[in-house]
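Pulled from Swiss-Prot, these are the features on record:
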- Glu210, Arg217, Arg232, Glu261, Phe296, Arg367, Lys373: ATP binding site (BINDING)
- Lys212: active site, N6-AMP-lysine intermediate (ACT_SITE)
Amino acid sequence: MLFSQIVATSRDVGATRSRKVKVGALREVLIQLEPAEVEPVVAWLSGELRQGRIGIGWRTLGDIPATPADVPAVTVSDLDGTVTAVAGISGSGSAARRRKLLADLFARTTADERDFLLRLLTGDLRQGALEGVMTDAIAAAADLPVEPVRRAFMLSGRLPATAVAAFDGGVDALTAFRLEVGRPVRPMLASPAESLTDAWTELGGDVSVEYKLDGARIQVHRNGDDVHVFTRTLREITGSVPELVELVAGLPCTSAVFDGETLALTDSGRPRPFQETMSRFGAESARDLLLHPYFFDCLHLDGVDLLDAPLEERLAALERVAPQHRIPGLIRPDSDGAATHFDDALAAGHEGVMVKSLAAPYAAGRRGRAWQKVKPEHTLDLVVLGAEWGYGRRTGYLSNLHLGARDPDGGEPIMVGKTFKGLTDALLQWQTDEFPRHERDRDDHTVYLHPDLVVEIELDGVQVSTRYPGGLALRFARVLRYRPDKTAAEADTIDAVRALLPG
């Protein structure tokens, strides 16, 4: 298949808000692929290379020919082979050899192909929250039910591998995907609750009520003496958190997978600001800042997979091996006990509580009602769509944020409001320095961004409004913090915003 067909499909998918049309366009290209083309094409249409990040930046791409080709000629095989070759180059003179291979490739690309390829190679290709749409398209193209495709993806964390299995082996190949210790699974997610009473009542009181910490999500895998730690986006951070590795290696088990949070504490035991915890995950780790783990789930223990077991059984497994590192929680409290636990969580400096169904399995990668988060104020994780230049004291700074909610059908985020409230001088400076790196377009007043950055917004409520495309507007929105641990695909949906409407 010609690479130009992939570029055209990407353009068509990005041009529509209709989930049905997106799935149809992706299916149409998938059914035309040769077996060897499935893995790279699914990766590209998901905004990544099947080889992973290969260390290519704008400096390496500085020698590409100035004039694009007139006629499409590059095939999927050509491109994938070149990327594989570039990824394998190392040693003396490697930079020059990489540039030569890429220059030869770009000399054969058209203008549209070149734009797509530049963004793909530099990690700058924004495909939106396409994972769910691509999963549906794979199922449609392979003529399979959607659910086994979704489950295989959640367990593998890799859409290209899931697609290959679907086309090569059907349902049998997909059901062969299992939880593999050492390979992260996509985390189960919670939905916001209107109140503690609503969550407790909806789940029938057969619940675990746990502290909701202001920490960073972690997934820890242990196999013998081998321990790996991953973030909520499945990025490995093992080398940055030796204290967590040492702690889990010392637990009384031979193999385990734990889900939880980690955070830094003050000398008095209260949580430090979220940004301080996240600083440990960077390349320049602040090693003097000790992280503490708080686990709330056990997905595997000593050879037994527990994903499909009810939460009550998973909590019992966690209690057997890590009782001192469990997140504070109550099993089947009455309504008064749940309320007291909520108050205790807030008094300890935490965000609120999670209310979880004790009967629910672990729905990897899914956001449902089996887990509900309760906070004292409404908060939403929204996508930053742009920022306006400030005036007065904020002249010269990017200030007023344009905020969008995720489209559950995989379209572009839907704008629901603006705010500059809550922005400190430090955040204003950071935005002004950082936002141009994500710039999509600009005019005299506003810098428009690719949907990369997620910000946590506190608000008093939501009202119906014709001012924004979603028909909703945030009331008294203010910035709490940025969420570098979250992608746009994990932002709250327009449905979650709509659920906050009164009545």
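In case you wondered, yes, glycine gets a Cβ from its N, Cα and C as well.
The maximal spread of the ATP binding site, taken as the longest Cα to Cα distance among Glu210, Arg217, Arg232, Glu261, Phe296, Arg367, Lys373, is 19 Å.
In three-state terms derived from DSSP, Arg232 (ATP binding site) belongs to neither a helical nor a strand segment and is classed as coil. Within the same chain, residues at least six positions away from Lys212 (active site, N6-AMP-lysine intermediate) with a Cβ under 8 Å of its Cβ are Ala345, His350, Glu351, Gly352, Val353, Met354, Lys373, Val374, Lys375. Within its own chain, Glu261 (ATP binding site) has Leu213, Gly215, Ala216, Arg217, Ile218, Pro293, Tyr294, Phe296, Ile327 as residues 6 or more apart in sequence whose C-beta sits under 8 angstroms from its own.
Annotation note: Lys373 (ATP binding site) sits in a strand segment as assigned by DSSP. The number of other CB atoms found within 10 A of the CB of Phe296 (ATP binding site), across every protein chain shown, is 24. Each of the binding-site residues Glu210, Arg232, Arg367, Lys373 was assessed for Cβ neighbours inside 10 Å, and the highest tally belongs to Glu210.
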